[in-house]
Every structure is written in C-alpha cells, then in structure tokens.
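**Student:** Would you mind keeping the following structure in view while I ask a few things?
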Amino acid sequence: MEPSPSSSSDEDSHHHVRPELRLLTAVNNGKLDQVIAIIEATKAKNSPTDHLLRIGLVRAAERGQAFIAEYLLKNGAKPDGAPFGRSSPLLKAVETNQVQIVRLLLNHGGNVDIADKQGRTVLMIAACKNHWHALNELLRRGADVNKKDNKGRNVLHNLAADDDCSWGRDIIHLLLQQNIAIDGPEGQDDSRRSPLHWAVSTGKKELCEMLIMRPTAPRANINAREKKDKTPLHLAVAHGREDIVGLLIHYGADITAKSDGGWTVLHSACQQGSVKILGMLLEAGAEINAQLLNGQTPLHEAVHSGHLEIVKELLLHEECKRAVKDAFGITPFVRAAQKKHKEIIHLLAPFNHVETLSKDALAACTGFNATIIDFGNFPGGKSVQKKAVYEILYGRDVIDPRKPAYNILPRHRKAADFRWIHIPTNNINWIEDLLAKVFIEEGADDVEGYMDLQQSLSYQHGGKLAHSRFMTPACRITTRAQKSADDELSEDAATEQGPPQIFINSRTNVQLKTVPATKPARRNPPKQVSKSNIFFCMPYLHYETDSRRCEMQGAIKRAELSKNGIPSTRAITYDEMLIRAYLVTQNSSLHVRRTLDQSFYHNIDTQTRDWDQVIYRYQLKHNKADSVDPKIFMVDQLWMWTLGKDLIVTSFPQRWQQAKNDPMNVLDNIIETITSRRREPVRTVYDLAMTITECCLGVYDRLCIGDNAFQFLDMFESTLGDATDREDLLFKEFNVASLQASAWLQQRHQRPDRMLGHGTKEAASANIFERFQLVDPSSDPLFVDKLLDISQETMLLAETKDIRDELNMIAIIFRTQQQVLPELEMVIADIYGEQHRSQQSVKKPIREQLRNTEMRMKEIERMDKQAERVYMSVIDLLDLKQKQDANAFEGRMARNQAESTARQSQIIMVFTIVTIIFLPLNFIAAVFAINIREFPRDPNQDGALPLAYVSKYTFGIGFAVSVPMIAIALSLDGMTKSFSEMKRVWREIWPRKRTKNGVRDQEDGRGPTDLDWTLLAEKRTLSISHAYGHHDRASRE
C-alpha cells in the first residue's frame, strides 16, 4: 500500500523538526524508544549530544520520567545540568517533589547543595514546597542546612521570611533536629536578623514558638538584635502582631529593650496604633515615659501619628508625663497643634488634667489669688477682680462642668478693651498653663507664635540650689500669625454668636463648639491688630524681714528633706505648699525670692552673708533686739508677656505670707498708679507695660516712701558715716600712741624722735619731748598694746569691704535695668510705628525711667567712692602701724626686761635681808669662839661659856644691828621719793625761768596730761593732712 500524500508530508515535517523539540516531546509523553532513537540518530550524524542529554534530563526530572532519566544519565547526561546558573535537574525534581528522580540524580553524583540564581539551595526549595520526603532524602545525603543564599539567609530564614511558603510543622521539626544555626553570626542574614526576627515580622506564630521552644539546644534568642538593634518584640509590635507580642512577653522578652535612637517597643506601639498591644506592654511593665535620643516620649509618637485612642489610653496612667519637652522644646501638646489634631489638643490641655496635681499643688492654686484688671468702658476705666489661680487655670463652670470657669481672653466681655492678668509668684508651670489656655482660646492656629512664647520660658539659669534658678534678663519680641480676611470674618461671626467654649475633661468626646449668645455682643470699633508678642524680664530690688526669710528658708529645707525620703511636718501655709509642690519636683518650675547675696553668688550657701547685710546690722545697732524685725534686701523678678493688643500677663512674687497694707506692695502700687488722676490714663497694653516697669523700678524711690524704716540707702550712708568716724578716731589713737612711743624712746635712748619730722616749728624743738616724758622709764609703756593691736582696724576694713560688695551688687541690678529698658523702648516704638502712632509717647516714659535709674546709679557710685576712701585710709593706717611695730616691739621688750629686773630685785632683797640678819650673828659667834681670858668660864664645865651669857650678847647685839638695816633696805624707795619731793618743793620755791623762741616752758618734772596728748595729735594730724594735700594736688597736676 502506498502512503498517502498527507502521510508523506507529515513524515517530511517530522524529519524537519529540530531534535530538541522532538526529544522534549518524547520525554513529555514518556516514549523511551523515541528518546533512544533521537539520541542514536544524533550520534550517527556525529553531532554533539550534550545539549540534548541536558535538556532531556531536566525535562525528565521535571516530569518524573525515571526510566528516561536513568537512560540519559547512563549515556553521559550530567546530573547537575549546565554550569553558570542554568536549570538543574535536581532543582526541577525537588520543585515537583520527584523523590525517585532525586535519589537517581544523587546516585549519579548530583550536588546535594546546588543552588539557583538567587543562591537558594535544593534544601531550601524542598522545605518551602513542604516536600518532606525530598527534604529528608537531601538531609540523609548530607545537604548543608546552614547554607545561605545571596541575602545571607539559611533555610529557616527563608521559611520565616517568605509569605508564600506553605510548609508544615513536620518540615520545621525535621530541620530543628539538625545542627542548624538559628542565632549568632551563622544564624543571621545580611541584616543580622535571625529566623525569629523574620517569623515575627511575617506573623508566623507557630514557627516563633517552635524556635523559642526548640527541643534540642540551642534555642532561639528571644532578645536577639538585628542591624538596627531591634529585637523580635520591636518587629512584632511594629507590624501589629498582637498574638506574637503576647507570645514573646509570655516567654520573657525584654520589655525595656531599646533599638537604634533609643526606640522602645512602647514607642513602636504608639506609632502603630494598636490599643491592645499598648495595654499588653504597659501591663508587662513598659516605661511609659521612656525617651528617644531626641527626647520624644511614647505620648509624642501617639500624638504625631494622630492615634486618639492611644493618647487616651496613655493619659489614663497617672505616671504619664504630659508636658515633657523633646530636644527641640516640643511638648505633646505642641505636637498636636502642629499636626492640627484638634481633639488631641483639647485632650492634652492642662485644664483637662487637674487630677494630676498633687495635694500641695491644689492647695497652692487655691490659696494664691491672681489679679484680673479689665480696661475699657467701666466706672473709673477699669474693673478689678481677685480670683484663685485654680479658678483661672483649671476651674470648671458650675452649670456645665465641661466648660471652663473663666476665659483668659477679654473678648467675651463686652466693655473690655484689653486685660491685665497678674500671677503672684514666679511659677513657670502656672505661666505655661495660662499660655496654653490662651493658645486654645485663640483657636490653636498660631503654633509658631505659641512655641516662641514657650521658648521664652527656657531662658533661665539653673543650678543645684534653690536660689540658683532665675530668668535671664531680656526683652524679646516674637511674631504672631496674621489671619486672613476669611478667618477674621469667621472670627467676627463667632464673636457675635458667643465666645468659643472649651469642653473640659471629656476623654471620649473632646470637641470645640460655639454657643449662641442671648444678645449680640457689642464690639469696639476695629483697631490695628498687633503682629507681635513681647516677653520682658527684669530684676528689681525689694525687701523681706529676717523672720519671714528664715521661715522661707526653713520651708525650703523641709521640702528638700521630704524629697529625699526624710519625713517632715505638714505644710500649714500656702507659701510652703507652693514650695513643696513646685520647687523640689523633678522639673522644678518655681523661682524663689533671692537675697541680695544670693542674686550675686548663685551656687553657694549665703546664710551667713545674709545675716551680715549692712541694713541688717544697722537696724540691730539702732534698735533694741527684741523690738525690731530686721529687714534685708531681696532681688525679685518681673516677668511680663504682652500678647497681641488685648492681653498682658505679668508675674512677680509677693512677700512671704504677704501682709495687707504693705507700703512696699508692688501690685498695690501699680494699681494705685494707674488709678491716679494725676497721670495720663492707660489706653493700651503697652502703656500698661511701661507703667508696670516704672513701679517696679521705683520701689525704693526716696520721694515715694515716707517711712524711715524703708529708707535703705540712707542706712548705707549712715553706716558709711559711722565707718568714717571710726577711721578718724583710730587714726587719732594711732597718733597719740606714736607720740607716746617717741617720748618713751627719747627718754630711754636720749635721742631726738624721727616720727615728728614734718617740718613744723613744734617738731623742730627737741625740748617738746620733755612734755611727753614718762615719769618712770622702766614703767609699763601702754602705747605698745595700741600699736600692736590691729583688731579694730581689720574689723573696720571687713565692714567697709562688705559695704562695697553690697553696693556693687546693687549697682549690677541697676545696670541690668539700664540694659533691658532701651530694648523695651525700641520694641514698643517699632509696634507704634507700624500702627502710625506717636513714638514720643514711648520714649518719654522709658527715658524718664532710665534717668531715674541713672540717678540711683550715681548715688551708689558716690557711696562706693566714699567707702573706697575709708577702705584705703584703713589700709594706710595699717601700713603705718606696721612701720611703727619696731618701736612697739622695743617697748614690749623693755617692759619684759623691767618685769624681769623687778623679779630679780625681789630675789636679791630676800638674800640681802638674810645676810643682814645672819652676818652680825656670825661675827659675834666668832668672837665668842676666841679663847679670851676675860670671858667668864665655868671651871666645872671644861672652861665653856654659859649659854645665857653667849645668847645675851649674840642676839642682843645682832638684832640691834640687823633691825635698823632691814628697815633702811625696805624703805629705800620711800626715801628716794621723799628726796625727789623735797627737790621739787625746792624748785617751786626757787623757780627757774628761761625763754627760748618766745616759748615759756615749765620744768616741773610731771608727765603730759591727756589734753596735751590730744592737742599734739591734732597738730600732727593737721600736719600730715597738709602734707597729703600737697601730694594729692601734685598727683592731679
């Protein structure tokens, strides 16, 4: 039978098909004979068969054609396929789970660790495909379980990282039984992540648990850190894996671990937004106030991400700090304003967290009253109110507790043009809360302006001691955001409807509404809106009594002891409650009043120096100790914020337990000044600002204070006068002592004195010393002690130095005022220039204040020069005394020698008396010892003399001679004085007169009187002053 035309054409086309295609078709159909035929035909043509064998083996491995694969392997097919990353038969067999082919290839030398282009080995592919038998075969044949792909991942990394992997629990169990690394350098990929890191990232809870609870050691490190120091818990929280977070916490994951930048798991939770995860972390003990390197807390992150529920959850915890500032000075409240999260803004507002205030803070807020004065259409042009600080900052409306009890801005009050609010203490915390409330009432839109106001509170000096904290004197201006025309129209409409109502402490529904008013609000005509805010800080002098100051210092010490855990008594005054609440907390916000020395010596304890103030000593000296409570200088701070055109806020302290009717009460003086009809009325906040500075500067104006008890500068002058008198008296005493020393030297050494050589006629006469001669040169020269004793001079020197120190401190206060006042003048003048107002109304009052300050400064300089003269005079006096010490020491040595001579004379007198007594007795006894015939001897007693006979003559003659001689020796001084008196009487009877240079001298032998000493000292003083005057004139010329 002949073939049909169609069949012949098929054969022709079959012979023209490429052998590769025919081989693949045969392998796909499992036709071994066709495969053999194609291979043999190719060999018959002497064509290479490597390519056909390779592609045939790959296809046979893929389709599971074991016989064809075995044939091809026996005919030279390579089990690993082509080099350089081409398809491998083993990879295809593993992918399709052809276990028989896998064994066949491995039996023929296949590479058990062969990998694809991504570096993934057949072991990784078998595990990912959940081919347990293939995996087991590869492991049995020695596959390397720690082999890594191009990303540095081993088989467990890939199982954990790939979302498409459908592996089973048996696969993981089989791998974990091997010696596979799951931690350390061998168990980390290029990003230093372990399999556990990838498992938590992709949400494979079962794998996480198997890694953590690996039956054979080592187990996975639950706190392992990757390249950015993130732990598995960090990743689980960041990806919102609630179940895995609970698992890791259960197995002891480090809840406080920090990654790069100080990032904690709580920060990640607040950024991610899962309330459940946040609750688990807080319950496990996560630090709610942990800070990043940039200072941000978890609350910052929650606010930044806008997670309202997270913010609410954080605020439920009392330990959560709401006002922490990051490295850029941003609080969570400011962050919410930057991100325009209105609900979070009101949720974080200070008035919504009254429950966070301590008992002492609540008591202080209630006990201290703020002063609110509205200027406008009122009787007298103003309305004065006194309200507790608590009511202004944190109070709630009685009718609707969700609303504030008091609005800071005066817009809701029809007749008010602008308002002044005064806080009676330098408490940064209260000021911050007040500014935050103003910010919210203005709509929370001017974020930059509010941040600038917050920044003004950071210009403060810090230190360890309570008086180390004070605000740096300055005047700064900040820009206010300008509203568009649409904003102004909407604001006017809102004003007609009623003021914005702030709803307080509504954790679930925080909102801002506008409540319609019963009557349309009448507004004043439109005015120029100020584009700036002004912050002004200046120190000024005030006073405090010593008892009140001691009470304040005692309260500070008790508060510090209570901070250190030492129990103390309960605070009974509002002032002490204020200190306990705001001074010794972690972020101390209270600036206490400082004494004059504390304002200069910031970092030392000035308790002793405070009790040594000039005015303190003056009052004790001129009053009875039990009838006066001495006053001392204090340095207070004026803080002032001018917020736009309708609000001014001030803060300066009052006295400790401020008494009523205090003539030095600055606040009362300001109110009295603005009420006075003799002054121009206050029309703007800037006029009020200048009036406030004027009253603070003029606290010690002598023209304003009639009570002498407050004329402290007069006390300085009086003390300086006393010091001058004491210096003059000491100089005169030195003159008298030096003249006595000169006379003593003249009398002792018979030489002219060198101390009076000043060129005067009196000094030229050597006989003048005869009037100052001591009667007895050997007597005690008293001038020695006066010349050697310098205690009075050193005391005067120290007192004068203290006066100069305090004057210098006061001068520094005045100079600081002179520096900041021109800045205030310039700022207000610029604002008036923008409003096209006369700048003369600014320059005149400021320059008047500067002129008064300059006058006070000159008065201080005048007193300092006087104190300097006293100081230098005392130094000169000490120098003269030092030069006179040689004569004084000579006098002291003479006195000591005289005393020694007197003692020796007494000893000699004793020996003399003994000699006088026994010498005659000895002589008479010697006479009786001579064998003289005339002596009546007793022949019965061997010629011895009778005792009665010997005693009669021996003692009789001996005492007759000794007694008169002893009497003469004891009365020798009296006899000498009697002789001198007789000589003096003789001279009086026959006076001797002589005249020399017209001066008549009486040589009566007496020493000079006190009047003589004084007259000579005055002459000598005039002489020295005359000489100094010539010297000063010569120096000036």
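Placement of Cβ uses the backbone N, Cα and C atoms for every residue, glycine included.
As annotated by TrEMBL, repeat 'ANK' applies to 85-117, 118-150, 228-260, 261-293, 294-315. As annotated by TrEMBL, transmembrane segment applies to 907-932, 953-972.
Are these features on the surface or tucked inside, and what are their neighbours?
**Tutor:** Beyond its flanks by at least six residues, the repeat 'ANK' (85-117) meets 57-58, 60-64, 66, 69-70, 73, 77, 79, 123, 125-126, 129, 131, 133-134, 137-138, 141-144, 147, 149 of its own chain at Cβ-Cβ distances under 8 Å.
Over the repeat 'ANK' (118-150) the predicted model carries a mean pLDDT of 92.
Remote same-chain partners of the repeat 'ANK' (228-260), defined as residues 6 or more beyond its termini with a Cβ less than 8 Å from a stretch Cβ, comprise 194, 196-197, 199-201, 203, 205, 208-209, 212, 222, 268-269, 271-274, 276-277, 280-281, 284-287, 290.
Helix, strand and coil content of the repeat 'ANK' (261-293), in residues and according to DSSP, is 17 helix, 1 strand, 15 coil.
Residue counts for the repeat 'ANK' (294-315) under DSSP (helix as H, G, I; strand as E, B; rest coil) come to 16 helix, 0 strand, 6 coil.
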